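The structure under discussion appears below in the form of structure tokens.
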Amino acid sequence: MDTLMHISTLHHDSLQLYPIQPPMYTLVPIPFLASYFSSHCPNTPLKRFMVSAPNHYSDVDEGSTVTDFLPAERARGITIQSAAITFHWPPINQQLAQSSDQGIPESFDVTLRSSISHNINLIDTPGHADFTFEVLRSLRVLDGAVCILDGVAGVEAQTEKVWNQAAQYQIPTIIYVNKLDRVGAAFSRTVKEIGSRLHSWPAVCHIPWWKGGNGDFIGVGDAVYLRGMLWQGAIDGSSIQVFDIKELESNDKIFADEIKKARVALVELLSEHDDIMVELFLEHDEDHLAIPGLQIVESLRRVVLQANQSVVPVFAGASFRNIGVQPLLDAVVDLLPSPLERPKPEVSLEGQTGDLEKLLTGGFEGVPLSVQQIGKKDKALATIDNLQGCALAFKVVNDPKRGVLVYVRVYSGSLDKGSILFNTNLKSSERAPRLLKMYASDAVEVDSIQNGQIGVITGLKYARTGDTLISYKGTTVKSGPPAPLNSLQLRPIHVPPPVFFTSIEPNSLNEQKHVLDTLQLLLREDPSLHLSIDEESGQTHLAGMGDLHLEIARDRLLDDFKAKARIGKIEIGYRETIPTASPPVTEQLEATIAGKPAKAGITAVVSPAEDDIDPPQDTTDPYKTRYEMDSNILTIHHPSLSHTDPSESNSILPPHLPLSTVLSALHAGASAALARGPSNGFPMASTRIDIHLDPVSHIYPETTPVALSRVTRQAIQSACRSACSNQPAILMEPIMLATIFVNESSLGSVVQDISSSRGGQVLSLDGSDSHTRGGDDSDRPRVDTAQLYTPPDPFQNSSGSVESNSDGQRQITARVPLKEMVGYLNHLRSLTGGRGTFVMSVDGFERMSAQRQREVLDHLHGDFM
């Protein structure tokens, strides 16, 4: 046993070491990444064992978890909205009691992180594929993650998708294998799937303790500290008995030997990825068991924090009985990074890009650190030392009691109560009247939100998901910070394109305003919902990521917000594109806007954008700005920013219309024009739009941003109609990239069904151990599962559940029209005896044949539920 540890029968806390140094408090925002359709069951460790959060024992099976507070979440038993909560681990009062009762070991000279109370921000994320955006915007603000796997189902399809998304953000991750108390649980198989499907080397830190090897899960074996932990009695996990390796050799020698094997495998794996572990191994005479547990923890932490993490620590447990929960929380504190150890976020500033640290240290051109570095004539120039805080609004929630809650992650400085916050996306200022720390739907008011923290701002009227909020000294509600800091933006959150839509009709004209206002609240909460109004019919369409996504939105609209409206059937969101290019179309606008005369002009050209033709953007051309708008490409040809070169005198914009304002107005007008196609009213896709702005003929003293936006919309719509004058627009349907997992015996029938009945294209047939898989994980390491250490599972050699899964799982990758995948899960289960699973994502939109287009148009009608 490691001499640095003091081990006794523990209550709630699995391990206590006592620091010589003063306590240090670290903030560790973490999410729990759930499996497909099982977001709650895997997420129960912290939901059930919330020590410093609400003081009640929550149960996901009863719908009482503290992170699921929406009525729809409690009714359906799934996570719909990500929820952020704050708690301490270890509990502060418990740490003090332990320290007071037992004292500090004389030989202790190093502080273990989990011996000091840490403040942890936990974000619970949905597991259903329809709520992928909730996961994406959570990953955007996190420092570490716990991926919780179902020990019965193993690595599921949606788990693999979310894992790859987390890898793209380089989120340090640990894995917890849950539900090991259930019939059919197979820890060994799950570990192999971590290697084969998640393409990571599993560092097995805990192994299951099966009573007598018969499948009764009673505890875990700790390969790090060479001990066994036995959970007994109370379901809250408060009674834990700890045995060192010598005691285990006397009481359960087979289990003790397995822990030693796990330790050997752990040291060997770490030695391949951590040079310091190699040195430690040699210093201890190549004895795997002699290396102190604390040194192994530090080695695990080093491999977890590597830029491209290839080794992932694996822990075991059963959350329903709270087995393994406390060691998991220790691992969160010991292995995952603090905000100070994570890379700074990417920011943009008037064409310059870099990380936030570069900006704060004066690395951006034109942004000095202090007033002393600028001349007297430039006192209005923004300086870094006046930047008091920078944060990202990553979530907006409408609370029936508190109003709109804006969740923010602070990346620099702090946000203080009552301070003026400038929204760099909307170019507007708002006061922050109240700041909160959230415990799901419960809240505690605070005076400030510090760097690295996640908190909530109430009372903001305009902030949306993805907006950058900054606090700058001297800012007022009517004036923002000086340029160029007023254009500072953190990396935005990408919103996937919607693929389903439904129509919404108020029951009466009197209800129309309330319904539209309520829809705007829903859109502010969830940017993956899209709202559009058909100008000809006046019908309102709400689009989303899936049928369940829209069902939840419908329920919230009718039940939570009490809107009185009829909701149409959920339909697939098609697109349309133009058949040929248009000639240049010039529009001139003369109108009265907000009681004042307005005048503006623009020239627009539209053309089809072929998928295989994508010329590189010339980023050095000062006269062009390009935007990618879903599958459309907008190019704005505009004057330069030069106000000093006499040769550019005809290209200079008037002072009241800076280029950034003009570009925003033109982009907004283009977005409005592309929202509705010229023939069928579907959003436009695969279209190139070129806008030409000539200050001489298009800009006037009466020109305003609203006028520019409006004339741009008119010009693009006219150009689209011109392109369709001889041939109607072509309908496009969403094509899904589906990954289907089936047993070998079902492979043939599923492939035939995809290829023939559903009109799909099978791209590949891979076994679960294939080394040739493509997709989002193509750059991740390929793991030879034959080299992985896995402890034996109960019934491994009998006719039990583990052997029943030995029918060789295969993976099918195919492109299939979304229309053919609606309701596919039930059909797949009937083909595979209930074992098949799949996950899919939008791969793009493709043109439809004339026959299929006629069928779709005949099918679409305005029936209401």
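For all residues, glycine too, the Cβ spot is worked out from N, Cα and C.
Note: TrEMBL annotation is automatic and uncurated.
Here is what TrEMBL records for this protein:
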- D124, T125, P126, G127, H128, N178, K179, L180, D181: GTP binding site (BINDING)
- 768-783: compositional bias 'Basic and acidic residues' (COMPBIAS)
- 795-810: compositional bias 'Polar residues' (COMPBIAS)
- 1-340: domain 'Tr-type G' (DOMAIN)
- 759-810: region 'Disordered' (REGION)
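On the structure: features taken from TrEMBL.
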residue : record           : Cβ neighbours (10 Å)
D124    : GTP binding site : 26
P126    : GTP binding site : 26
K179    : GTP binding site : 24
D181    : GTP binding site : 18
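The predicted model assigns the domain 'Tr-type G' (1-340) a mean pLDDT of 75.
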